[in-house]
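A.B. asks: Swiss-Prot lists these features:
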- Glu356: active site, proton donor (ACT_SITE)
- His387: active site (ACT_SITE)
- Lys502: active site (ACT_SITE)
Amino acid sequence: MEWKNLDKCTSFTQLQKAHKEQAENLKLADIFDTENSVKRVKNYSVKMGGNLKYNYAAKPVNDEILKALQSLADEQKLIEKYELLLNGDFINTGENRMVLHQLTRGQLKNDVVYKGVNMRSFYLNELKKIKEFSEAVHSGKIKTSQGKVFTDVVQIGIGGSDLGPRAMYIALKNRAKKKMRAHFISNVDPDDAAEVLNSINLASTLFILVSKSGTTQETLANERFVKSVLEKNGLDCKKQMLAVTSETSPLANNPDYLTSFYMDDFIGGRYSSTSVCGAAVLALAFGMETVEAFLKGAAEGDKLSLNKNIKENASLLDALLGVYERNILGCSATAILPYSQALSRFPAHLQQLDMESNGKTVNRFGEKVSYKTGPVIFGEPGTNGQHSFYQLLHQGSDIIPLQFIGFKKSQIGLDIESEGSTNMQKLNANLAAQIMAFAAGKTDENKNKDFAGNRPASLIYGEELNPENLGALLAHYENKVMFQGFIWNLNSFDQEGVQLGKTLAKKVLSNDMPPALKAFSEFLL
């Protein structure tokens, strides 16, 4: 398989040429001021997993640009590289590892066997263990150290052990039937743990410690914090804490834990929401039926991502459009704008997923690249964001592409009508209006009220945010990031940028540091 930099692709040169030739035909304000605008909106949609669709009508593209993007996908052999990943090739060159998060939700290609272990069977077995354990907890067969029924679960982890699972839980807590309340402790700031512990009944709470290596500094510090509080309250930690870790970590088969569920080195933290890292807390909170629907949606998204036709592959098209915006239009950021309060933490998860994966300046062979790579990712639910940072999005000097997410129905179903419309109708009216406002703008003699428009936007939409659609949404973005890494010739599955700060922090704590670092630390220690 040939792996090459973006600027070495003939198709990238063709894309640059096509954009230059088509620039006058790509102004969104003009596109939406024609008779064909309605047809464009309806036709520029691609099926995703669940009942979701990806609409790109408000992107500055036409047939010529799409043709050039298809050529880029073909030249970079994006689907073939995806197939290599699914078949167990060691795609993570930095750590010499396979990349198997898609295998946690379904098998699309060959069996992946490592050291005699069928990895799909391994993941299914861990899910079976989670199902049996969660059902035993819900039935009262497994009780607290004081013989009580568990009512709450707290996940202790950081990074991918927190952001993804927390975002998924919040996304479903109004929709799924709750069996236990879930909480999360991530920051080593003691106020984070103290706030959670002060809000729950410790005697009826189960704690999940999540650390693949079993050595994560912040997570182990929070574990000690939690254990000290439990012990002060006369509770047996061994009967109220379980571990999610790797089979080779110090936490594995450890009698200090009620039980252990296992992950492996082939699933990166930011890609671990469909592994035991996310499944354990979701199964305890909602039951295994919800987890299975979530995994089903993700598996469907993975399957659709195998299509070579970019007009029929939403994650591939989204990835290519993102590269077009980054490397042709020069956009340095992307805003994730879910018009769903349930997705309030989804932008934070995508921020880690995207920026930790593709925030690189060297290619997969360690050679510096000469082009821009991953954008800055940020976002906030609508309509809240409209009253916060949309001013810059509309009239700022930088053009920032927008990714809207919306649903026809609310999760709870409770709503009222006022001034001729329901709150849900008001929410979605604002979403639709924003897409057009960003695209078409508004001319005004008062320059302070003039909107240039031509702000690119996409829309992911569906009936409702349920477990299956959430899984499909997650898989869409995971696969989008993967494809972009392939296009830029990056290794999207390591994160060396996380390590340097950790190393220096240890030097501070051991008082073995250079003078400048010591001077900074003395402000705070």
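Numbers here mean position along the shown chain, with the first residue as 1.
Note that Cβ sites are derived from N, Cα and C of the backbone, with glycine treated the same way.
Looking at the shown structure, what environment does each listed feature sit in?
C.D. replies: Its own atom aside, the Cβ of Glu356 (active site, proton donor) has 23 Cβ atoms within 10 angstroms in the protein chains shown. In the three-state DSSP scheme, Glu356 (active site, proton donor) is classed as helix.
The DSSP secondary structure for His387 (active site) is helix.
Sequence-distant neighbours of Lys502 (active site) (same chain, 6+ apart, CB under 8 A from its CB) are Gln217. In the three-state DSSP reading, Lys502 (active site) counts as helix.
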A.B. asks: Using Cα coordinates, what distance in whole Å links His387 (active site) and Glu356 (active site, proton donor)?
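C.D. replies: For His387 (active site) versus Glu356 (active site, proton donor), the Cα atoms are 29 Å apart.
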A.B. asks: Taking the Cβ of His387 (active site) as centre, how many other Cβ atoms lie within 10 Å?
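C.D. replies: His387 (active site) is surrounded by 10 other Cβ atoms within 10 Å.
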